[in-house]
Amino acid sequence: MDDRYRNNANLYQGAKDIAREMNQVSDDYRYQDSSYEGYAPSDGYYHGGNEPAQEEDAQSDATEGHDEDDEVYEGEYQGIPHPDDVKGKHKKKAPGVADDYRDHADLMTQRMEDEEQLAHQYENIIEECGHGRFQWTLFFVLGLALMADGIEVFVVGFVLPSAEKDMCLSRSNKGMLGLIVYLGMMVGAVMWGGLADKLGRRKCLIISLAINAAFVFLSSFTQGYGFFLFCRLISGFGIGGSLPIVFAYFSEFLSREKRGEHLSWLCMFWMVGGIYASAMAWSIIPHYGWGFGMGTKYQFHSWRVFVLVCVLPCISSLIALKFMPESPRFLLETGKHDEAWMILKQVHDTNMRAKGEPERVFTVAHIKTPKQIDEFIEIQSSTGTWYQRWLVRFTTTFKQVWDNVLCCLTAKYKMNTLILGVVWFTMALSYYGLIVWFPDMIRYFQDEAYKSRRQNFTNDKISNATFNFTLENQIHTNVEYINDTFMKIKLKHVTFEDTLFKNCYFIDVTSSETYFNTCTFEYTIFNNTDLYKHKFIDCKFLNSSEPEEKEGCHLDFEEDNDFLIYLVSFLGSLSVLPGNIVSALLMDKIGRIRMIGGSMLISAVCCFFLFFGNSDSAMIGWQCLFCGASIAAWNALDVITVELYPTDKRATAFGILNGLCKFGAILGNSIFASFVGITEVVPILLASSALVGGGLLALRLPETREQVLM
């Protein structure tokens, strides 16, 4: 019997022997009791399931990593065949069923099993690589990209007061400019998130940041409203991809114990972007002399300098990303085993050198690669033109992205996607609506207080007087000015009604929000003033020099910028800091679900107390409290969205949900702004109800802090 066995040892044994060998390879990666075979608990290294134990001398040589006779480093990739390659060779040798003829469900089942094995093995590999210099470097690089996203949200609000004067923007144009960025970000989030799961995180992030930087740069120089609007739309489209890609990218370099905390720390950069934009606007925009002009057709005012300064974080992140590797988890999902291994070794070696342990070697030789199902089909150069090949590539990629989007709505992910969608939408509706409503309400309170101090002059007669001082916040009704001179003065918020000007002179007069209603001018001279025709409503000019018609728009230009918008945004962004620190420290202790629910309910209570905010200082205080309380929910939403979806759908799902978030922001801005000066009840009740409903619904989501990244 033994002789018969030895004689037949080299013969093929059919499908039974093949299956036994495949199972043996698979056993090397089977996850048992929270660790793979071959990972020693003492050192966390992967040594391979069937390796014999080393002798003492051999272990010493392995630690040294060098042998005089054979210069091979332990753990260094030496072209060892991949387990899947072994399976492939056996399939070629033995009769089997080709993948093309296997049931699609069987292939999907095999891929899901492979992905589960990979998830647990990858977790152990990341733990072996450690958390150190590499992750912190990537943290700051991606933080700059996230900072650029935060800046993009604030930029338009800061430049509107100045841009409306340069571009003669009407009220509707200003509203469109404020919303167009959110529209671009909504579309960009969905598109770039989907592409990142097919083309790679790093590649898509570089392209999206490059688009943002290019069109922000163009928008600072364009003079026309239409092209400026287009540039802001495309810049928003570019930066819209940063949020879903950044969190998916960074999470795939973090172990389970570090993921919640460090993703929360990463969220701080969005707040830093708001502070940066506020500080730059406050220090640059009021300095009108920082710009230049080329005749009357081209003007480059200080707000355009501010736009250029705001693109610096985006450019810095773009440059730094050129030196960062692709996510190894994404590469493994797409079957690129060797590239992923090299990157993981780079992560390990970088961290070990920084820790002062350069002699420690990367012991992983094989990493599980999921079964590849979708084959990319491209017309070859011999059978098609470059145009045909690119068309096929485009349509194939689009179909893959679309299928991925639909997959997020299938039975397996449907409930989580719907609940997360509602929570993202309610948070965005209330948060973005209120951060627009707060400054408008504060300005409304200040305008009301300003109007309450208005001086009224009625039925008066002033003769032979010279006005050489500023007139501000006044109403002159049925007053007669005879032989009076208005010289080198400023008229601010002054209204003349049913007033007679006879033998008067207006010389070197500047004005803002000043109007003449049903007034009469007799023998009156206007010289070097900005009192243009649109400021005279139903007035009569008898033997007087009529005011000139102003070229371009009829907006008033005030030299003193209202710093309120900078102050409110700065304080709102700064108030996020304590909440961000608390959420980062507690994210892995109390869990993502409790963090979302508790933060949203506390934010709803803050909204309710807005009924008692009847002054600008009270509104600023409640805004800071609301922003500080709500940031924990935002951080937890970012973390749980990353953890609930597998690698091949992570950025896609995040992009869909973030796009829904921007849609909520558009609705919030439009709805809340329309009630300023009318009622406080609707915005407060709407925001509170949305937060309570979203917070309670979030409690139905599964907790993810203990699970590995699928």
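From the backbone N, Cα and C atoms, a Cβ is placed for every residue, glycine too.
Quantities reported herein were computed from a predicted structural model and do not represent experimental measurements.
Per TrEMBL, the feature domain 'Major facilitator superfamily (MFS) profile' maps to 138-705. Restricting the average to the domain 'Major facilitator superfamily (MFS) profile' (138-705) gives a pLDDT of 83.
Taken from TrEMBL, the feature region 'Disordered' applies to 30-70 (among others).
Taken from TrEMBL, the feature region 'Disordered' applies to 77-96 (among others).
Here TrEMBL flags 138-163 (among others) as transmembrane segment.
Annotated transmembrane segment per TrEMBL: 175-192 (among others), in sequence order.
Annotated transmembrane segment per TrEMBL: 204-221 (among others), in sequence order. Sequence-distant contacts of the transmembrane segment (204-221) (same chain, six or more residues past either end, CB-CB distance under 8 Å): 145, 148, 152, 188, 192, 195-196, 228, 231-232, 234-242, 245-246, 249, 300, 304-305, 307-308, 310-311, 314-315, 317-318, 321-322, 651.
Per TrEMBL, the feature transmembrane segment maps to 227-251 (among others). Same-chain residues lying 6+ beyond the ends of the transmembrane segment (227-251) with a Cβ under 8 Å from its Cβ atoms: 138-139, 142, 145-146, 148-149, 152, 156, 163, 167, 176-177, 180-189, 191-193, 195-196, 201-202, 204-205, 208-216, 218-219, 259, 262-263, 266, 314, 327, 638-639, 641-643, 650-651, 654-655, 658-659, 662, 709.
Residues or ranges marked as transmembrane segment by TrEMBL: 263-285 (among others). Among residues of the same chain six or more beyond the transmembrane segment (263-285), those with a C-beta under 8 A of the stretch's C-beta atoms are 139, 142-144, 146-151, 153-155, 158-159, 162, 246-247, 250-251, 254, 302-303, 305-306, 309-310, 313, 561, 563, 566-567, 569-570, 572-574, 576-577, 580, 583-584, 587, 631, 634-636, 638-639, 642.
The feature transmembrane segment is assigned by TrEMBL to 305-324 (among others). Non-local neighbours of the transmembrane segment (305-324) in the same chain are 137-138, 140-142, 144-145, 147-148, 151, 155, 158-159, 202, 205-206, 209-210, 212-213, 216-217, 219-220, 239, 273, 276-277, 280-281, 284-285, 290-291; each lies 6+ residues outside the stretch with a CB under 8 Å from one of its CB atoms.
Positions annotated as transmembrane segment by TrEMBL: 418-438 (among others).
Positions annotated as transmembrane segment by TrEMBL: 563-586 (among others). Listed as Cβ neighbours of the transmembrane segment (563-586) (distance under 8 Å, sequence separation of 6 or more from its ends, same chain) are residues 154, 157-158, 161, 261, 264-265, 267-268, 271, 274-275, 277-279, 281-282, 286, 435, 438-439, 442-443, 446, 595, 599, 620, 623-625, 627-632, 635-636.
If you look up TrEMBL, you'll see 593-613 (among others) marked as transmembrane segment. Within the chain carrying the transmembrane segment (593-613), a Cβ under 8 angstroms from the stretch's Cβ atoms is held by residues 423, 426-427, 430, 434, 579, 583, 586-587, 619, 621-622, 625-626, 629-633, 635-637, 640, 680, 684, 687-688, 691-692, 694-696, 698-699, 701-703, all 6 or more beyond its ends.
The transmembrane segment annotation in TrEMBL covers 619-640 (among others). Nonlocal intrachain contacts for the transmembrane segment (619-640), taken as residues 6+ away from its ends with a CB within less than 8 angstroms of a stretch CB, comprise 247, 259-260, 263-264, 267, 271, 420, 423-424, 427, 430-431, 434-435, 438, 441-442, 445, 567-568, 571-580, 582-584, 587, 592-593, 595-596, 598-600, 602-603, 606-607, 609-610, 613, 695, 701, 704.
Residues annotated as transmembrane segment in TrEMBL: 652-675 (among others).
The transmembrane segment annotation in TrEMBL covers 681-701 (among others).
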Please report, as numbers and ranges, the same-chain residues at least 6 past the borders of the transmembrane segment (681-701) whose CB is under 8 Å from any CB of it.
416, 419-420, 422-423, 425-427, 429-430, 433-434, 437, 592-593, 596-601, 603-604, 607-608, 610-611, 633, 640, 644, 671-672, 675
Beyond the flanks of the transmembrane segment (418-438) by at least 6 residues, Cβ under 8 Å:
157, 178, 182, 568, 572, 596, 600, 603, 607, 619-620, 622-623, 626-627, 630, 633-634, 637, 640-641, 644, 656-658, 660-665, 667-669, 671-673, 675-676, 683, 686-688, 690-691, 693-695, 697-698, 700-701
State the non-local partners of the transmembrane segment (652-675) in its own chain: residues 6+ outside its ends, Cβ under 8 Å from one of its Cβ atoms.
175, 178-179, 182-183, 185-187, 189-194, 196-197, 240-241, 243-244, 247-248, 401, 404-405, 408, 413, 417, 420-421, 424-434, 436-437, 440, 641-642, 644-645, 682-683, 686-687
